[in-house]
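> Below: one structure in structure tokens.
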Amino acid sequence: MEADILDGKLKRVEVSKKGLVNCNQVDVNQLVPIKYKWAWEHYLNGCANNWLPTEVPMARDIELWKSDELSEDERRVILLNLGFFSTAESLVGNNIVLAIFKHITNPEARQYLLRQAFEEAVHTHTFLYICESLGLDEGEVFNAYNERASIRAKDDFQMTLTVDVLDPNFSVQSSEGLGQFIKNLVGYYIIMEGIFFYSGFVMILSFHRQNKMTGIGEQYQYILRDETIHLNFGIDLINGIKEENPEVWTTELQEEIVALIEKAVELEIEYAKDCLPRGILGLRSSMFIDYVRHIADRRLERIGLKPIYHSRNPFPWMSETMDLNKEKNFFETRVTEYQTAGNLSW
């Protein structure tokens, strides 16, 4: 096929020249040829998980919430959980759009980031839907990060990892800048989505396991399914940047990352104590000390760092829940079937 060569200097993309960051040799607008098959697989898996909160019936949750069958301590856990997640998902989405996307120079990785940003919006929608369904004070829930010290501390911690990256003069071309960018990725993928969120999932899914607040529980299952992919993408992205830029992975940077995770563990334990001043549903705040440390070790190992806590997992059932390859179909209880563009009725 004949082609009009508009610019003789521009050539078709060579896969070997693609890079995750600082790649100016290829056109970032050309998806193919795909180099990072893991990024494309994460994108496809994300697309296979399409869902909306409004597809989940909330009648049983509404009935239970309006009754006197839930204790005040159980209500406290639910409200503080919603209070954290309702704005945390927005922080993650904003970080993708404003801090991460522009520094990633690979189109298939960007393709997934666009998908993830959409999912974060769906998750934020979820917490609004829950508030509206239960008749909660939306201002109280969505402003909890300004009113609850344990939530504010976690969000402030996350924002410290975004400030430098949002500076208009920030660049990942230097080792210092790239190291700061990696810390941002660790902060949001490893810590926020891989530690803070998982602790929250345990709390709400514990209700679901006892047939309480099942509508909320089902939505959290969907979110967990999304977040598992987010976490895996983030780990692959961090490891990919390390592999392509080995000079940035210094002992100093590794120590800084370990210190960040240690601080995150402390913050999450304090949050768990705030949520659970007394035990409910077989949960005690002391169990979250072990759990948060356990998953922190797993996250450290996934990015090539040594575990530091060696704690047991007090919630082994979460391993099954997190397994994306399990036979259970999370979407079998949906009110409506998801329709792709190809079969919508006009």
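Numbers here mean position along the shown chain, with the first residue as 1.
Including glycine, each Cβ sits where the backbone N, Cα and C put it.
Taken from Swiss-Prot, the feature active site applies to Tyr129. Per Swiss-Prot, Fe cation 1 binding site is recorded for Glu89, Glu120, His123, and the stated evidence type is similarity to another entry. Swiss-Prot lists Glu120, Glu193, Glu227, His230 with the feature Fe cation 2 binding site, giving similarity to another entry as the kind of evidence.
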> Please report how many Å separate the Cα atom of Glu120 (Fe cation 1 binding site) from that of Glu227 (Fe cation 2 binding site), as a whole number.
9
> Compute the centroid of the Cβ atoms of Glu120, Glu193, Glu227, His230, then list the same-chain residues not in that set whose Cβ lies within 8 Å of it, in sequence order, for the Fe cation 2 site.
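The answer, listed by sequence position, is Glu89, Val92, Gln116, Glu119, His123, Tyr189, Met192, Phe197, Ile223, Asp226, Ile229, Leu231.
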> Let's check the environment of Glu89 (Fe cation 1 binding site): how many other CB atoms sit within 10 Å of its CB?
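Here the count is 24.
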> For Glu193 (Fe cation 2 binding site), just count the other CB atoms lying within 10 A of its CB, please.
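Taking every protein chain into account, the count is 25.
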> Around the Fe cation 1 site formed by Glu89, Glu120, His123, which additional residues qualify by having Cβ within 8 Å of the site's Cβ center?
Phe85, Ala88, Ser90, Val92, Gly93, Glu119, Ala121, Val122, Thr124, Thr126, Ile223
> Distance check, please: Cα of His123 (Fe cation 1 binding site) against Cα of Tyr129 (active site), rounded to an integer number of angstrom.
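Cα to Cα, His123 (Fe cation 1 binding site) and Tyr129 (active site) are separated by 10 Å.
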> Just checking: which of Tyr129, Glu193, His230 have a Cα that is within 10 Å of the Cα of Glu89 (Fe cation 1 binding site), counting only these recorded positions?
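Those near Glu89 (Fe cation 1 binding site) - Cα within 10 Å - are Glu193, in sequence order.
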